[in-house]
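*Asks:* Below: one structure in structure tokens.
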Amino acid sequence: MSKKTASDIVFEVFNYTIMIILAIITLYPFLHVLAVSLNDPYDAIKGGITIFPRKFTLVNYIETLNYPQIPWAVFITVLRTVVGTALGVLSSAMVAYVINRKDFIARKAVSVMFIITMYVGGGLIPEYMLMRGLGLMNNFLVYILPGLISPFNVVVIKSYMEGIPADVEESAMIDGANDFLIFWKIILPLCAPVIATISLFIAVGHWNSWFDTYLYCSSEPKLTTLQYELQKILSNAAASSQVDYYSNLDPNRTMKVTPHSLRMAMTIIVTMPILFVYPFIQRYFIHGMTIGAVKS
Amino acid sequence: MNKSKLTKTLWKQRYLILMIFPFIVWLIIFRYIPLWGWIMAFQDYRPGKPIWQQEWVGIRWFAEMFQDPDFYRAMRNTLIMSFMGLVFGFPLPIMLALLLNEIKNIAFKRTIQTISYLPHFVSWVVVASLVSEILSPSGVINQILQKFHLTKYPIMFMAEPRYFWWIVTFSDIWKELGWNTIIYLAAITSINPELYEAATVDGAGRFRKMISITLPGIMPTVIVLLILSIGNIINIGFERQFLLRTAATREVADVIDLYILSYGIGTGRYSFGTAAGVFKSVLSLTLLVFANWFSKKTTGYRMM
């Protein structure tokens, strides 16, 4: 280890300072919203809360989860995330496997068909018309089917599969396994790291999406998702801070909470699952992203 | 290939064909039929009639669009927010990656990376909620400004059109800064370590090595990504603008996708909306092809 010069030390101090400031700027909004959501709603109006609640209470969460749409929205969001991720990952992996098979007869044609869709799409209106034509309006399937496969994910999985030695498949073939069994029993388990990464991306995508609900399912209260409910609260807050969207639904309800505290609690509810899952899958996605980044 | 050989191959690959077949059907329905819907842009689409019986109107909707002041406003907003994103958002991840690379304490580096990736994983709805909280009259930014006597009264950030572009640009930086460093950090790992050793022998300090070795080392990646983002200036999406706008900031918030949304679906003018969408797609594809060509010319690297 060579001796540190004065300028190296200055640089190091500067560098660590920048990093700590960055961390504070990134974390502060989350901690602040968490603090307000755990604070007494009428006390919060006075302002001055930073990252610790002043008067601790869970009333904001209890009230939020008591609104009739919310338990449904939780159910639909979880269902869509689980079903959408399982089907999405399986489909992408299957497509990747088939177009990675050098001997597959339509390899080139199928690859080209997928790649074209990376660069051209029908756009908002034709897609909207298609969903209407297929009867997918106010239908749960509209969350699953249209976005089933993304060519980017296929490319990432395929580039991982290229690294698996061909002998593995050949020996299974000699044992008499068919192509589907080889995919299911051999290739898929070998792809676990990349599958984990892609699962995270797809799951986060499902969990975070609100626009398809806005466009296709907004008139069916039993199909709305959590992000969409938060978006509704937000846009009402933006339209007028005086309007209390949720208390308007039930005029007899006594106002235990303020719209503001409700919004904060809802923001945390929507963010929570990501905060919980994120640290565990972190080590996978950096590796997976690097593969994707290098290949594309 | 003769006929019997083809049948034999098809039979041999029946499982592969069976595996891919549903996805080809899916591809045709969900990705290629909407492309076919582009012909709606050249028709006067009336609901209830099949698409081949609609009345053809040529380029009427395009002509109408080019006479619409709202269209130019949406174009202006799209381009301005795109360029602001490029100017302010593009260099920052490069700088952060360079600085992160100089952190030798692995645990500290990991912690910072973990924190900086986090906002990438929350939705724009959540970010919009956080942003409006931070920028509210009683929010932390206003508190700081008042504490340092930079302003006497709280600033209504969300309701002031002149702040909107900055809010959109900086909330995007906040969300994606850490995440965008990943690709640069990956590029840094492929730099030859001998270069650093040689520089140390020559007496270069840490900062010197960062500027003279690491930065040039990732330059090819930087250039490719820059060209790619220039090819994507028209595709800035609409989520941020949709979620952060208020009644007072509509004028500066409407981007091309929001224009399509409000004209096409909001008012039910499907053909007009499709025409605007076709215009956007063609422009975007042209930009991408140009960026690709330019990249090949200057860096020898093709993206498509």
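Even glycines carry a Cβ here, placed using N, Cα and C.
Remember, TrEMBL labels are computer predictions, not curated facts.
Straight from TrEMBL, here's the annotation block:
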- A:9-31: transmembrane segment (TRANSMEM)
- A:70-97: transmembrane segment (TRANSMEM)
- A:74-281: domain 'ABC transmembrane type-1' (DOMAIN)
- A:109-128: transmembrane segment (TRANSMEM)
- A:140-161: transmembrane segment (TRANSMEM)
- A:182-204: transmembrane segment (TRANSMEM)
- A:262-281: transmembrane segment (TRANSMEM)
*Asks:* For the transmembrane segment (A:70-97), which partner among A:9-31, A:182-204, A:262-281 gives the most CB pairs under 8 Å?
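*Replies:* Of the candidates A:9-31, A:182-204, A:262-281, A:182-204 scores highest.
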*Asks:* For the transmembrane segment (A:140-161), what are the same-chain contacts with Cβ under 8 Å, counting residues 6+ beyond its ends?
*Replies:* 76, 79-80, 83-84, 87-88, 91-93, 95-97, 99-100, 114-115, 117-118, 127, 131, 187, 191, 193-195, 197-198, 201-202, 205-206, 209, 212-213, 216-217, 223, 225, 288, 291-292, 295-296
*Asks:* Could you give the residue numbers and ranges of same-chain residues that sit at least 6 residues beyond the transmembrane segment (A:9-31) on either side and whose C-beta is under 8 angstroms from one of its C-beta atoms?
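*Replies:* Contacts of the transmembrane segment (A:9-31) (Cβ under 8 Å, skipping residues fewer than 6 from its ends): 51, 271.
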